[in-house]
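K.L.:
Straight from TrEMBL, here's the annotation block:
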- 6-209: domain 'CobQ/CobB/MinD/ParA nucleotide binding' (DOMAIN)
- Lys11, Gly12, Gly13, Thr14, Gly15, Lys16, Thr17, Thr18: ATP binding site (BINDING)
Amino acid sequence: MVKVYTIASGKGGTGKTTVTANLGSMLARYGKKTCILDADVGMANLGLILGLEDLPVTLHEVLAGKARVRDAIYDGPFGVMVVPCGLSLQGFQQSDPNRLKDIMTDLVGEFDILIMDAPAGISRDGVIPLTIADGVILVVNPEISSIVDSLKTKILTETVGGHVEGAIINRVAGNSEEFNHAQMEKLLGVRVLGVIPEDPNIRRASAGRTPIVVKYPTSVASRAFKHIAADVAGIEYVEEAAAVPRERFVDRLARALFRAKA
Ligand SMILES: Nc1ncnc2c1ncn2[C@@H]1O[C@H](COP(=O)(O)OP(=O)(O)OP(=O)(O)O)[C@@H](O)[C@H]1O
């Protein structure tokens, strides 16, 4: 049975796109047929951080009724399928977000998991991804403004008949001013699905157009993403061993000589 998630937030910049790219990639790695869509049609950047640009067909053309969604699906990391959005203002203006529901209906038979990256804030178009998901996942930073804005998104989701699955706390630096896991759960009134630390490798990976789980798989943030993905996939998380560097020729030679002498 397919499960449809929307990754949402209150204010912008909390890490929705980062979560969508990394969670989607890991779910595919864990064997789930996964598709991630950039439903942030006005401020799209999922394609940008995955190196998918200058594409002939994107979600813009599909939402404009000019193309089929099948023609806007591209290969992403670890076998995740990606439906990116174009960057042009004209493409945004021609998009009809009401078509999103039909697009999702077209995809449900082909995937185990569909994940939509929603627009930030509260807008008429932003409501659609909140209503058509089985579960909305809020991406929240551990500070009061982000919590208050996410609460508004939670209330809006419930008002329009949607369901909030839980929250991911992102960019946790471990400062004493930050709200902790238990406080966040109490304030938001939802289960915390995972905690992603502040990790400079996330920016480095994005600059290289690759999710951190691919580029720096043993980094602290990658391990956190893997935990959440395993939970969502319903499998037990097993720590992957760090890659053992290949032994250099001189080391092999020295070892062989040393053994020969002994
Ligand atoms: N855990 C983290 N540690 C360090 N940097 C992070 C982390 N999560 C996200 N970032 C950085 O924060 C910035 C915003 O992240 P992202 O684009 O994922 O947010 P967003 O919620 O999708 O934003 P928007 O609402 O504008 O679409 C990016 O530069 C990203 O690399």
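Heads up, the Cβ atoms here are built off N, Cα and C, so glycines get one too.
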K.L.:
Among all the protein chains here, how many other CB atoms are within 10 A of the CB of Gly12 (ATP binding site)?
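P.N.:
Other Cβ atoms within 10 Å of Gly12 (ATP binding site): 12.
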K.L.:
At a 10 A cut-off on CB-CB distances, which of the binding-site residues Lys11, Lys16 has the highest count?
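P.N.:
Selected residue: Lys16.
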K.L.:
Residues near the ATP site, Lys11, Gly12, Gly13, Thr14, Gly15, Lys16, Thr17, Thr18 excluded, by Cβ within 8 Å of the Cβ center?
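P.N.:
Nearby residues not in the site list: Ser9, Ala120, Val139, Asn170.
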K.L.:
Near Thr18 (ATP binding site), which residues of its own chain have a C-beta under 8 A away, given they sit six or more steps off in sequence?
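P.N.:
Looking at Cβ-Cβ distances below 8 Å from Thr18 (ATP binding site), excluding near sequence neighbours, one finds Ile49, Asn170, Ile202, Ser206, Pro211, Ile212.
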K.L.:
Does DSSP give Thr17 (ATP binding site) helix, strand or coil?
P.N.:
helix
K.L.:
When you measure from the Cβ of Thr17 (ATP binding site), which residues in the chain that are at least 6 apart have a Cβ under 8 Å away?
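P.N.:
Correct list: Asp38, Asp40, Asn45, Leu46, Ile49, Asp117.
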K.L.:
On a count of neighbouring CB atoms within 10 A, which of the binding-site residues Gly13, Gly15 is highest?
P.N.:
Gly15
K.L.:
Return the count of C-beta atoms lying within 10 angstroms of the C-beta of Thr14 (ATP binding site), excluding that atom itself.
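P.N.:
The answer is 25 other Cβ atoms.
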K.L.:
Taking only the residues in the domain 'CobQ/CobB/MinD/ParA nucleotide binding' (6-209), give me the average pLDDT of this model.
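P.N.:
Mean model confidence (pLDDT) across the domain 'CobQ/CobB/MinD/ParA nucleotide binding' (6-209) is 93.
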